[in-house]
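Noted in TrEMBL for the protein shown:
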DOMAIN    45-294  domain 'G-protein coupled receptors family 1 profile'
TRANSMEM  31-53  transmembrane segment
TRANSMEM  65-85  transmembrane segment
TRANSMEM  105-124  transmembrane segment
TRANSMEM  144-168  transmembrane segment
TRANSMEM  204-230  transmembrane segment
TRANSMEM  242-265  transmembrane segment
TRANSMEM  277-296  transmembrane segment
Amino acid sequence: MGMEANSENLSHPQEFVLLGFSGLWELQNTLFAIFLILYLITITGNATVIVLIHLDSRLHTPMYFFLSTFSLVETLVITTIIPRMLVDLLTEKKTISFTWCLTQFYFYFSLGLTDFLLLAAMSIDRYVAICHPLHYSTIMSRHLCNSLVLGSLASAFLTMIPTTIWMARLSFCRSNVINHFFCDNVPLIKLSCSDTRPIELWDFLLALIFILSSLLVTIISYVAIISTILRIPSASSQQKAFSTCASHFTVVVIGYGSTIFIYVRPSKGSSMDINKMLSLLTSVLTPLLNPFIFTLRNKKVKEVFRDRLWKLCVFLSTPAKKCCLPLV
């Protein structure tokens, strides 16, 4: 299949070969069906959350503004991975051009860093809502919310520019076969015959700055939140306060846990098979589960969803009145 080129031609390869799940040749069609279904469910789930929040005034609060933005970013994260993976599962020649590989690398990690910054912003929002409820609307103003979102996007995408340029300048003289299902930095670094210690150190520092610092903000926020909740005399009020944070905390544990294991450690000696499985968790399963995690425990979102679904059913069941029954 021509998976490897001669070493002298690989200093600046024209293309890479993504191994993906090549060890499961007999299951390629099954995997295609599974990932296609997961992708469609993810897109539908996150799009539903975004549309509900946009349409219903009951959800026009900072918490749901961050949630809709987070759902949009999660949709973009999985879109950088799954469509390309689906093509590879259907074709024998699983190649990706050097330019597209770096493009996928740039957008995946830029969106990933944005995710963590948004999780930190969401934890700040929960902290203000529970610890300073009387000043919530004043502190979490529209201007601050927009600034947090735009700042997260700008800092993540700008930070990944030098990293991507650095990656583009590496020499690849060992092989052009990437043992992964997308252009991750760990397998790319393993293929390089350049001195990768500077970029590995840079990546490690970025992970510390973005991932661990945002995790620290989240931890501090939750320590203050739990401390405040435990001082609430009413058990029912305590339960209600905990329930508003439970979904966010679940996403934090899943997202940070797997990402720290993959990226906040030296790549030398790490198992690519384990990294691939954990990457599936962060890039595929997490975006799939997030809309359900955030909504199943949220009474207001479920209430809005039921109302909208009922209005849609009424709209569809009364053809004669379709022209005069707005979905508002």
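Note that Cβ sites are derived from N, Cα and C of the backbone, with glycine treated the same way.
All TrEMBL annotations are machine predictions without curation.
Here the transmembrane segment (65-85) does not touch the transmembrane segment (204-230). Their Cβ atoms form fewer than 3 pairs under 8 Å, with each pair 6 or more residues apart. The stretches the transmembrane segment (105-124) and the transmembrane segment (144-168) are in mutual contact, each linked to the other by at least three Cβ pairs under 8 Å (pairs 6 or more apart in sequence).
Same-chain residues lying 6+ beyond the ends of the transmembrane segment (31-53) with a Cβ under 8 Å from its Cβ atoms: 21, 24, 59-60, 64-65, 67-68, 71-72, 74-75, 78-79, 82-83, 85-86, 89-90, 284-285, 287-288, 290-292, 294-295, 301, 304-305, 308.
Within its own chain, the transmembrane segment (277-296) is flanked in space by residues 35, 38, 41-42, 45-46, 48-49, 67, 70-71, 74-75, 77-78, 81-82, 108, 112, 180-182, 184, 247-248, 250-251, 254-255, 258-259, 261-262, 302, 305, which lie at least six positions past its ends and keep a Cβ under 8 Å from the stretch.
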